[in-house]
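Enquirer: Let me begin by handing over the structure; questions about it come next.
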Amino acid sequence: MNKIIAANQTLTSEAVSEGHPDKIADQISDAILDEMLKVDKNAKVACEVIIAQNLVVIAGEINSPVKKNIDIKEIAKNIIKDIGYTNIDYGLDYKTITVIDAVGNQSRDIINAIEKEGSNTLGAGDQGIIFGYACDDTKNFLPAPYELANSILKKASNLRKSGAIEWLRPDSKSQVTMEYDKNRRPIKIKNIVVSHQHHPNISQKLMRQTIIEEIIKPTIQDKSILDENTTYCINPSGNFVIGGPTGDTGLTGRKIIADSYGGFARHGGGAYSGKDATKVDRSAAYMARYIAKNMVAAGISKEFELQLAYAIGIENPISIQITAGINDPKYASKILNFIVNNFDLTPNGIIEKLKLKQPIYLKTCTYGHFGKNEFEWEKLDFVKKIQTVLKK
């Protein structure tokens, strides 16, 4: 890509756990979407959640003749329970929360824009600028600090839920800073930040030692990227006892960089969670990731970013742009033409290719929407064709 990377420059990404207030909101939104898709694969869903103190407000729009078949309030309580908020001392308690259902119906104007009368095609559910990205930092084609930041929190979550570290509580964040060489290769970790909610009786010394030795170090498989100069900031604010929605209000769609590529790629601003696949903010972002990942895996570029733009009610994207550090304009045009001619970028085409009418969304929304190989947009089934047509 057209980035200037100085030798020994540091790049940083952050992640949040499933117990972070914004992530609680995302999970409730996507759990509601999944439950709707189980009873109506064509349901139109735009679900937003705000969570503060011991109150959950569920808003947005759902269009389905069987909307009343799901219990939105019970879905929210079950998500909060599964995360581990089982005691008000943790900042939230599924047993005592108040849940307000303020979900309405989707606008008839929007429905008419998406579903054209007498046509089987779908228009885009909204306008939007969407980006997909991949790089060769890791085997999952994600930025190294971003992948590590998420892996650290996943490890912590597993140890918390298994009871191996009983004093951990659900809310946490991480941040990883890596040093890159002049060829944009990650060479070592400069700094790791972990802020993790905890029981009030745990000492800072024990917390630091446990998080470094039992969570961080076992997570990092390549020990060569750690050295004596790596610094650790473990709960740098001091105590982190007051957490969850008691400490910070949560809102759907507020962690768009942690959801995508950790700041390594551009972002159009549209969040993913709570939206069915007619909303191109989500579905086209998954498709753009699929294309970018296959391009990098095919050896076209070390990193690849694809921009798509849509207009509401219009089937095809109104613009397509690639950014891949390719200095040959003719070759760049060839790549762009290949994308246009080989990938169906309409909402219908994306939904069919990526199987987006399935109730898969709750699994997508924690620890990043990308890099999870169970999903269709992570498959590398286009690599051979790309290499045959485009590889120099």
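Using N, Cα and C of the backbone, Cβ positions are placed for all residues, glycine too.
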Enquirer: If Swiss-Prot says Q106, D248, K279 bind L-methionine, which of E48, E61, E166, E179 does it name for the same site?
Expert: E61
Enquirer: Could you tally the C-beta atoms, other than its own, that fall within 10 angstroms of the C-beta of E61 (L-methionine binding site)?
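Expert: Total other Cβ atoms inside 10 Å, all chains included: 16.
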Enquirer: Residues with Cβ closer than 8 Å to the Cβ of H20 (ATP binding site), same chain and 6+ apart in sequence?
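Expert: Once residues fewer than 6 apart are set aside, H20 (ATP binding site) is near D171, S172, K173, G250, K255.
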Enquirer: Taking DSSP as the reference, which of helix, strand or coil describes D22 (Mg(2+) binding site)?
Expert: helix
Enquirer: Say we define neighbours as other CB atoms within 10 Å of the CB. Which of the binding-site residues D22, E48, D248 has the fewest?
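Expert: Result for the binding-site residues D22, E48, D248: minimum number of other Cβ atoms within 10 Å at D248.
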Enquirer: Name, in the order they occur in the sequence, the residues of the same chain whose CB lies under 8 A from the CB of K275 (ATP binding site) and which sit 6 or more residues away.
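Expert: K275 (ATP binding site) has long-range Cβ partners L33, V45, A46, C47, G125, D281, R282.
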